[in-house]
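K.L.:
Annotations for this protein, taken from Swiss-Prot, read as follows:
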TRANSMEM  2-22  transmembrane segment
TRANSMEM  28-48  transmembrane segment
TRANSMEM  70-90  transmembrane segment
TRANSMEM  101-121  transmembrane segment
TRANSMEM  122-142  transmembrane segment
TRANSMEM  194-214  transmembrane segment
TRANSMEM  261-281  transmembrane segment
TRANSMEM  290-310  transmembrane segment
TRANSMEM  315-335  transmembrane segment
TRANSMEM  361-381  transmembrane segment
TRANSMEM  398-418  transmembrane segment
TRANSMEM  447-467  transmembrane segment
Amino acid sequence: MIALLPFILSLAATFINIFLCVTNISKRYSINLNILFWVIIFISFFIVRSNFSNDFLMDFATPFISLDEFSFCFGVVLSALMIIFLISSFYSDDEKFYKQEMFALASLAGFGLLAMSLSVELILTLIFLEVASISIYAMIAMNSIEYKSVEAAFKYFLLSSFMSAFYLLGAAFVFGVAGSTKYSFIATGLNSDFLSIIGMILVLSMMFFKIAIFGFYRWSIDVYYGSNLNIAGFLASAFKLASFAILIKLCFLYPGNNIEILQGIFAILAILSMFAGNLLSLKETNVKKILIAAGIVHSGYIFINLSSVGASVSIYPAIFYLSTYTIVVGFLFAILNGLFGDREIKISDLNGLYKVRPTEAFAFTVICLSFIGFPYSVGFLGKLFIFSSAVESGKTYLAIFGIINTIFSVYYYLKIIISIYFSENKTALSCADSKKFGLKLLALSSILFIILEGSGIFSIISFLNLFIR
């Protein structure tokens, strides 16, 4: 029973939050309680991994849920992202939005994403994905005073419904050929015929949609922009992490006969995503939209490694980049939420930020430099691993395209940094003085993570490997 401890604890936290909806619990106590829940869930992963071998956890209790090394890594990072999301909720003055119902939905979404990353079966994966998605629709729409939030929720719901139908059709094709919907059976049961390839593409298209890769990204601009800033950060970090987790497990933990065909598709998506994301970012002046479009570029970087995995190249660069990128994005949206609340943020709103909030301004700068790939930052290390994997696999052209797009991204990230340090401040910040200290701690945490991880003093993957036996 202890091997399923993280799964059970996250489910219990969800039920407790639902029961608390009928009480008059304050926002402060609700946030503190949920942070405690997710800290316990975070610790439970290490308890489980320390007490059981990998072979035992791969086959424990159920053929549908597995706490392998990949699930362990993604589960730990997802728990950390939930904690960052909850801490960020402290710094919003919108009491009507941050009601207990919102935290119950957030807990349900966290459970769905966590369970999804543990799943090794197609139908169960979709069920947990829908649990998380339905919660997100409601969380986006809860900001009902904003017309764009209701529009964003409806658009996300409608498009997700279509993609779920495609996923189920693909799962039916896969079952018809492989005779099972378990990942391990799919890997050995599928062949290179037309039905197998179409089935896998339809299944993976759902993940492409949630990740917002090229061809599936148009929704993300409107939905993220129409969402509360904190919810947008949750989508850009936790939801993207869980979607990539399924993609990686399905394609690489259980590699099948069609992996070469899929990797060719991944290479095309990587190139198109990097260029499309940069083109969208270059013309934007809205900070949230820049970050949304830049997320498409970073997904493209991860796809470089996914298209390069082979005998001499591991999936490690993609896992490292995904884990560190989503944590940094979580920190960034949390800091922005603390500084500006839920109002629209133009680049000009960052003018002279260093004069009034030097710690947060420096954190914002370090994050932007990390996204560029500045040396001794975690972004530099991630890009080094990603581009090296492409070269080692013989796909040097992908590394070249990646470097070109990294150079393009310098323009809009430097635009933000220049605005912070070389322009006069004209806009009041929303964070109250009483909340400055906590926000500074959040900013300092992001700086330490980026520098310590990037300089090699601390490695999240090496640390997690200590618990993998």
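Each Cβ is built from the backbone N, Cα and C atoms, and glycine gets one as well.
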K.L.:
For the transmembrane segment (101-121), which stretch among 28-48, 70-90, 261-281, 290-310 has the most Cβ pairs under 8 A?
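P.N.:
Of the candidates 28-48, 70-90, 261-281, 290-310, 70-90 scores highest.
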K.L.:
Below 8 angstroms Cβ to Cβ, which residues of this chain, lying six or more residues outside the transmembrane segment (315-335), approach it?
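P.N.:
Non-local partners: 70, 73-74, 77, 80-81, 84-85, 87-88, 91, 229-230, 232-234, 236-238, 240-241, 244, 248, 252, 291, 295, 298, 301-302, 305-306, 309, 360, 363-364, 367, 370-371, 378-379, 381-383, 385-386, 388-389, 439, 442-443, 445-446, 449-450, 453, 460-461.
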K.L.:
Applying the under-8 angstroms CB criterion, which one of 122-142, 194-214, 261-281, 398-418 scores highest with the transmembrane segment (290-310)?
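P.N.:
Going through each listed stretch, the top one turns out to be 261-281.
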K.L.:
Taking the transmembrane segment (261-281) as reference, which of 28-48, 70-90, 122-142, 398-418 has the most Cβ pairs under 8 angstroms?
P.N.:
398-418
K.L.:
Considering only the recorded stretches 70-90, 122-142, 194-214, 398-418, state which has the highest number of Cβ pairs under 8 Å to the transmembrane segment (28-48).
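P.N.:
That would be 70-90.
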